[in-house]
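Here is what Swiss-Prot says about this protein:
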type     : residues                       : note
BINDING  : 29-57, Arg99, Asn138           : NAD(+) binding site
BINDING  : Arg106, Asn138, Arg169, Thr248 : substrate binding site
ACT_SITE : His193                         : active site, proton acceptor
Amino acid sequence: MSLKEKLIENVHKEEHPQAHNKITVVGVGAVGMACAISILMKDLADELALVDVVEDKLKGEMLDLQHGSLFLRTPKIVSGKDYAVTAHSKLVIITAGARQQEGEFRLNLVQRNVNIFKFIIPNVVKYSPHCKLLVVSNPVDILTYVAWKISGFPKHRVIGSGCNLDSARFRHLLGERLGIHPLSCHSWIVGEHGDSSVPVWSGVNVAGVCLKELHPELGTDGDKENWKEVHKQVVDSAYEVIKLKGYTSWAIGLSVADLAETIMKNLRRVHPISTMVKGMHGVKDDVFLSVPCVLGSSGITDVIKMTLKSEEEDKLRKSADTLWGIQKELQF
């Protein structure tokens, strides 16, 4: 009789129990691991699977997380190069891809990452045909479109992390200037994640008080207080962090865990995330851009009809045209 048998009396033989709330993270670079630890700290999954092509790094990251099991509430952490390890995931988060270099525009990354997605997405679909896909790799709006096309999934199940982080950065920077916590600074950035994102100045408010009504020049070139600089800081922030530490990780990891929580707990919160916007705000092509979306366990169920000023809508359409110009040239 083994020590285990002496210690434990078995009363029911379990068949291999299937995870009910499994999350997979594809790519164990700085962003993937920041997503993983943020998800683990929020107790969102009963199983976390990690996938990557670099096997030593992958195993090392898995072991490092497993060694912290005592301090976590996720009973199973697994990893593998083979996508069989991802089977039956409810949510699959794609962070894999070529990393943005210092000074490199997100859109330059695109064809490099399309080729990587041609391998990843069919494997994810094979093992988790009913999952939600959350794309984080850049340029995120185009790669969300690519994931949608390759997966064959309905559009509500293919989500881009989009402007969830841009809006968080915006709220943080507004809060810094006002001396108020970002949770109480309500503001939205829509459109493309990154260089041509659109700040909705007309909707910025604190406790329902519209800042543009108090200060009509808000966000314009003629503003003596230069609030427009706040949006410029949002656009520049990733480039600044990359220049200083080589990559971004923590904020995007927290942002992704925020989205994962909304999905896994069916919270139906509204997030500025990338979805198919054809037919909205005058967009005519199959383009994914961030708009405020209701998110839950089945993915994106609804889109909030934002009231945008004509110049805000023009910027959104211009973003869509830029993205479509690149998308139509893609080889996949």
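The backbone N, Cα and C atoms fix where each Cβ goes, glycine too.
Projection of Swiss-Prot feature records onto the structure.
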residue	record	CB count, 10 Å
Gly29	NAD(+) binding site	18
Met33	NAD(+) binding site	20
Ile37	NAD(+) binding site	21
Met41	NAD(+) binding site	15
Ala45	NAD(+) binding site	26
Ala49	NAD(+) binding site	28
Val53	NAD(+) binding site	14
Lys57	NAD(+) binding site	14
Arg169	substrate binding site	22
His193	active site, proton acceptor	30
Over all shown protein chains, what is the count of other CB atoms within 10 A of the CB belonging to Thr248 (substrate binding site)?
22
Could you round the CA separation between His193 (active site, proton acceptor) and Gly29 (NAD(+) binding site) to a whole angstrom and send it over?
20
Round to a whole number and give the Cα-to-Cα distance in Å for the pair Lys57 (NAD(+) binding site) and Asn138 (substrate binding site).
22
Given Ile37 (NAD(+) binding site) and Thr248 (substrate binding site), what distance in Å do their CA atoms have, once rounded to a whole number?
15
For Asn138 (substrate binding site), just count the other CB atoms lying within 10 A of its CB, please.
28
Looking at the binding-site residues Gly29, Met33, Ala49, whose Cα is closest in space to that of Asn138 (substrate binding site)?
Gly29
Give me the Cα-Cα distance between Ala49 (NAD(+) binding site) and Thr248 (substrate binding site), rounded to a whole Å.
22
Return one of helix, strand or coil for Ile37 (NAD(+) binding site), based on DSSP.
helix
